[in-house]
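Structure first, commentary second.
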């Protein structure tokens, strides 16, 4: 086996095939009995709350969390090659990495002070 | 003693960022067979773990759990699966039809992929070929796994959004925010592992733990990883995405029949995947526990034995998941986010820096002088770094404890020795140890009242 990613594709094909098959046969195995109330959004039996077009507005906090996630996840991805090659790079890598992490910590402290990490 | 030896070992640097598992004798059809075998292994494990969880939770709650279907109720999950298949498959009228159908398939497919890079055992003979008990290994295996987990989060968001209903939308948003928040701490905790093993390939990481499992030198990373893996898989005490009392079922409220079964299955497969990664990077992977590994020249570290040790370690994590569910109540969402962003992330970053300094000292970047303690050569720089780190930890705990005491003092309510029960306009009962201040007119009119109040 020359390319090590090919077995992963096999696995994806098996797992994905199973998932798609299950979802595809779901409408065929069960009964079909129409009832208008059944097709409504489920809210524990009360009248469903009216929905705005496209799902309506969502709290800004989720958006903020996603933005912060990108910043810090990119940071951790930068740390991976450094960590793997660390032994071969010498003292330079250590100094460089400490400087990088300090820079990120400044951003982190800023976000914390501005209340970006508070949920309420 | 071994801990100190491992922490301050003076060893030369060997580049090792490539997988050591040897796939040269593995033809493509054997890969396909292995993929099929691993798939069956996962599916059977999932069927078993659902039964296992219900039985153990049952015991923890003083009841027997499912015990009717098959011996010890073992076929319960299968029966539930058949029952789900025979239920009506509903698509609510507000739903975005295409995405609504694609989301469970997507989530299910992604759940399986990442298990492919987990080493289940050493080299074995399979159909006349020598092949590692691992589907494949690449130089960036762990990164690949984190990436697949990140893509899997889409399934949750899309399912919640496409349902066209309030509860699933909120559940999907919560779940995705939760997954991405804890993914940062999870990724950072693994950086220490990469620093230590010099590789992201899972077979190399396992080989690096031949002498000492990573859980001992990297215990902080291990604890953080275990916390984040519970957060990642939406399990109690972090199952805020579902939170039965608040959002009925979370992002899959509107799903029924086999689509719901797909979400259910994928969640348990995800549990197995994160637990398998924990086993691989911290608990020595498929290697036998130290005492057993020493027997008969490493006999139990050969061939199919690896699969046994791996499975045992995996199921220890499964029991841990179930135990958490049986023992802990759900956290509040703001507490959960607060814990992830304001505690786990800074602690992990500081830990990574500490490990970087330690590795630099071990590799001789900070000076080469060696000293002889306990009869072994050790780098002076490593010992100094360990000492400084220990002092810093001591200082941190000291400051933290001082702040805790101050906080407790600030919280303590001062109870005045006397209380006027009618000061606020309506009667207030006295706190323990408090006397009632008696108004002049009352005490003259009826002196027995004071006796009744105590």
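Every residue gets a Cβ built from N, Cα and C, even glycine.
TrEMBL: automatically predicted annotations, no manual curation.
Source: prediction; values computed, not measured.
Residue ranges B:260-283, B:404-427, B:428-451 are listed, and TrEMBL annotates B:260-283 among them as transmembrane segment.
Per TrEMBL, the stretch carrying the note transmembrane segment among B:233-253, B:380-400 is B:380-400.
Remote same-chain partners of the transmembrane segment (B:260-283), defined as residues 6 or more beyond its termini with a Cβ less than 8 Å from a stretch Cβ, comprise 42, 45-46, 49-50, 81, 84-85, 104-105, 107-108, 110-112, 114-115, 118-119, 142, 145, 149, 152, 155, 159, 190, 193, 202, 205-206, 213-215, 218, 221-222, 225-226, 229, 232-235, 252, 310, 313-314, 317-318, 321.
In this chain, the transmembrane segment (B:380-400) lies out of contact with the transmembrane segment (B:303-324); the count of Cβ pairs under 8 Å, excluding pairs fewer than 6 apart in sequence, is fewer than 3.
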